[in-house]
Ligand SMILES: [Zn+2]
């Protein structure tokens, strides 16, 4: 079967045809690293990690690039407020980002390019846009001449005249037209800056993705992805920059994931309902968080609410119980043939159902239903007191294969006894005394994966079993 992708550019599902046989070149807009990521940021990371895993499952060779915006206004402001160097701040949050996404079962990208490592490439790119008449210098800033690019608005499906209504020139901007956007900004006094043909300054936000995508994946890529909020202006501007530069299509397929709400409200700083991954993954098994995120189709909004997360936990628990029951039955496995062939056929059907769901624009919600079917089948098989080794193995193998696509593990460690938990807590306390925070975090995560939650108080560490 062929994968169908909903392409935001054409607003329809299209058959995926790679640029190069057997290969997928994929670019996903990454974070601006001045804070811990919140669960809204985590959604695209989990979604596109799963997309990548499914391509790999289908035998594609995927090159996955995701950038770090490591210089911009917010970063400079945060560094000033904290009295920290920009580089120290970004390094710290890049490290935290990797910790968070690893906990959520996401693999690192093949390349994580950073703006500050591509300054020469960015300047060269802007120079070409100026030479071609797509950009102009104005008192140390460089702006993109939006009206010069014919396809402007094609991704967000807006005409340039509609866009003009909302556009205005901010104080201090020196543009020809309100729709133009900055490629290079002259440095303000005391700011971090780089030398350029237009004087000292730093790049605007949009240009980095055009430059880094081309640098690491070439002129045309298969899939460009990101959150729905990036469609306009960020991705629209990326297309304008890249296609003006190369004269070729920038990306064949554009994927955008939906928003995340907290208890049915939009997550926002002013509402104070920001949920940081770094906090929440210490309270809820990160595998449950991932399973929850994948329980809704990526293009739909998702509501982060306690009861929904709880039902994701219960669902994952059901799958894990089925898995461990099959594993247990393997101890008594035989080579006797029961009605094994029928079961093997049913397992294949479920696998097919899973693949059909994923082929249909990565419908993870339906793919998860396939896993519940598999658990049901396993339970029926065990209830009939069957013991055929090849069936038990096929069940486990299918759980593992399909779980690998979703980044979910079904195998859980045996339940810990109270004294084993206390011994681990003691080891963690010792590690913390020795400032071995890696080991101490590892123990905390290990316990959390078994649904044991630690709470560090002034009186010492307390623990409880999660719901
Ligand atoms: Zn981007």
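Along the chain as shown, residues are numbered 1 onward.
Every residue gets a Cβ built from N, Cα and C, even glycine.
TrEMBL lists 29, 234, 238 as Zn(2+)-binding residues, and of the candidates 106, 209 the one it assigns to that same site is 209.
Feature motif ''KMSKS' region', per TrEMBL, maps to range 266-270 of the set 251-255, 256-260, 261-265, 266-270. The highest number of surrounding Cβ atoms within 10 Å, among the binding-site residues 29, 209, is found at 209.
Cα to Cα, residue 209 (Zn(2+) binding site) and residue 269 (ATP binding site) are separated by 26 Å. According to DSSP, residue 269 (ATP binding site) is assigned to coil rather than to any helix or strand. Confidence over the motif ''HIGH' region' (31-41), given as mean pLDDT on the 0 to 100 scale, stands at 95. Within the same chain, the residues at least 6 positions away from residue 238 (Zn(2+) binding site) whose Cβ sits under 8 Å from its Cβ are 206, 209, 210, 213, 224, 250, listed in sequence order.
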